[in-house]
């Protein structure tokens, strides 16, 4: 039995390595008897057998989990999973809106700069810690700094909040998908109401539009305010159940089941986007939309609001802080080049946003031309009635025939002459402004873009049902890809931490989320979706990512982290990341958090409500209980961080609980912890020691020893952590000082 400060010498004549660092870097294989032996990992004399080929870095039961941890079938499957998670509905209906609102093509410049400065470094950081520690978000941050272990729990809470309403949007897409197998589409025109004497158009639809009416009245049957619940919308309830069933079935086996679905859910949206782009470019007016998109408004780039919105979009586009990135990367091999993955996925996300923006603006350009043509026809009819009664016939150019279709150019020429002659009397003529540019400047985002503007444009497509089916199937797949990562951000940390069966936990989480999600499928459900979207994720995620950055760069140490990356990747990352992680990204994130808080403080919490009688949207303030819910969402998501910190600080929970052991076994070698200096940085993550803590944090109650043939293993305390080693069948092995 080796004594304290002794290490077992190899049976071969190799020299004893003189330092722990050398042991860590020594890749020589041991003798056959050592390779074929096995480890017993246990607490009070009971243990579990573990293959020597397995990397054991977490001690005890964590070692066994590491050996049996699922893995991706291929690198392609993993990349598709990360792409599917990061590329979501926001790429289709948020990025184009921000591009339109913030200077067109000029918006791409601040977005790309912030993607490189904030997005890629933080994405690389999350990929690295997940792949290195091979745990979900809870285990990762417990490992790095026990007192900051609440970061992982906060990520899980945010993921759950987001999953609640995100799957409702998938349910809406499923409803529209199911209604698209009709010719003409049900939102093609306003419904007619017949009575005993005549037939007339529904007043609410007549005041708005066919697609707007279908969305608010037929699909959502929306109430006038959030205070009017109105009962469940049974059709949306069925769609929500279908959406959660799809997520549950795809996730029930973890990445072994969801990974196969990724091939379709991640690639199909690109097929649809490319098909839409080709089709849209062949439609009249599509180039007007694309030209409008790429016409830069450089003066807008100087506004701080543009940079703040670009930073927010970068932040959410990559799924930072949710835990899904960490969960997916934890199933990788430790020597996977996660730096390449971070850059690749980030730029795929960026180019997907640009592709989606091209498609949206091409389709909106086509729609703008149609709306402009309708406006011209309507105004031409008014001018015909005004001839001789406010408008002189001499004002109409001779080459313009009002009895036939008037082109946009002729109409502009005619109205310009009338405006110049009538001067102050022109507004009284009641002629609407007909301009393609004005139509394109109407900023539409979110559900308004997907379920109103885009659906209206598709009604004018040849074979419109086919394109509608493709579009909403694409939305379902985009949503599912993001949902897989979000649910993985909940399931993986809980399974790693509490050792529950993944199948049971997945079903339980999906059932619980469905029943809570019934809140979103009542008649006022759309307002609840807006509330959760605005308040459950934005501030909490910013706080979570700031703490992640601080935990790695300042608590754990950037230098140590670089050593870990060098050991894991086989090369030292660019020094660029050192300065980004330590100085630039924390500062920018704090500025972003501050500006977001100021904006929320200056803008009273409100939501956009649909007023049925007027058939218009109005901004309403939340009632007092609504404000309480908004605040509760933010507090509930952030609360795990201070709670865990205080419990650890006052030793209510042992700081050693749930943190990995400092012992590491590699193929054919044994690493022994003994009398290591407090300031030794060489072991980095393997020691799981954070700066400022009194000692590294091993797994309590675990003893690691070599299996003996017969008898009870003799385990003696060794070193600071009370863990000893027994080498079986080597009685004459001499000892030497380490």
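Placement of Cβ uses the backbone N, Cα and C atoms for every residue, glycine included.
Please treat TrEMBL annotations as automatic predictions, because they have not gone through curation.
Listed in TrEMBL:
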- 84, 87, 91, 349, 478, 482: Na(+) binding site (BINDING)
- 52-65: compositional bias 'Acidic residues' (COMPBIAS)
- 30-68: region 'Disordered' (REGION)
- 688-716: region 'Disordered' (REGION)
- 78-96: transmembrane segment (TRANSMEM)
- 108-129: transmembrane segment (TRANSMEM)
- 150-177: transmembrane segment (TRANSMEM)
- 232-252: transmembrane segment (TRANSMEM)
- 261-282: transmembrane segment (TRANSMEM)
- 310-331: transmembrane segment (TRANSMEM)
- 343-364: transmembrane segment (TRANSMEM)
- 466-492: transmembrane segment (TRANSMEM)
- 504-523: transmembrane segment (TRANSMEM)
- 535-556: transmembrane segment (TRANSMEM)
- 576-602: transmembrane segment (TRANSMEM)
- 622-647: transmembrane segment (TRANSMEM)
Selected stretch (most C-beta pairs under 8 A with the transmembrane segment (622-647)) from 108-129, 150-177, 261-282, 466-492: 150-177
Number of Cβ atoms other than its own within 10 Å, given for residue 87 (Na(+) binding site): 26
When counting Cβ pairs under 8 Å to the transmembrane segment (504-523), the leader among 108-129, 150-177, 466-492, 535-556: 150-177
Other residues, Cβ within 8 Å of 84, 87, 91, 349, 478, 482 Cβ centroid (Na(+) site): 83, 85, 86, 88, 89, 90, 266, 269, 352, 481
Closest-packing stretch to the transmembrane segment (576-602), where packing means Cβ pairs under 8 Å, from 108-129, 150-177, 261-282, 343-364, 466-492: 108-129
The transmembrane segment (466-492) touching the transmembrane segment (108-129) per 3+ Cβ pairs under 8 Å rule: no
Residue 349 (Na(+) binding site): tally of other CB atoms within 10 A of its CB: 24
Close in space, distant in sequence - residue 84 (Na(+) binding site), Cβ under 8 Å, 6 or more apart: 262, 265, 266, 480, 481, 482, 484, 485
For residue 482 (Na(+) binding site), the number of other Cβ atoms found within 10 Å of its own Cβ: 28
Beyond the flanks of the transmembrane segment (343-364) by at least 6 residues, Cβ under 8 Å: 79, 82-83, 86-87, 91-93, 95-96, 99-100, 108, 111-112, 115, 119-120, 123-124, 270, 273-274, 276-277, 280-281, 283, 286-287, 289-290, 292-293, 317-318, 440, 449, 453-454, 457-458
Segment proximity, the transmembrane segment (78-96) to the transmembrane segment (535-556), 3 or more C-beta pairs under 8 Å: no
Close approaches to the transmembrane segment (466-492) from elsewhere in its chain (Cβ under 8 angstroms; 6 or more beyond its ends): 81-89, 91-92, 135-137, 155-156, 159-160, 162-163, 166-167, 169-170, 173-174, 176-177, 180-181, 185, 246-247, 250-251, 254-255, 258, 261-262, 264-266, 268-269, 272-273, 275-276, 279, 319, 322-328, 330, 450, 454-455, 458, 502, 505-506, 509-510
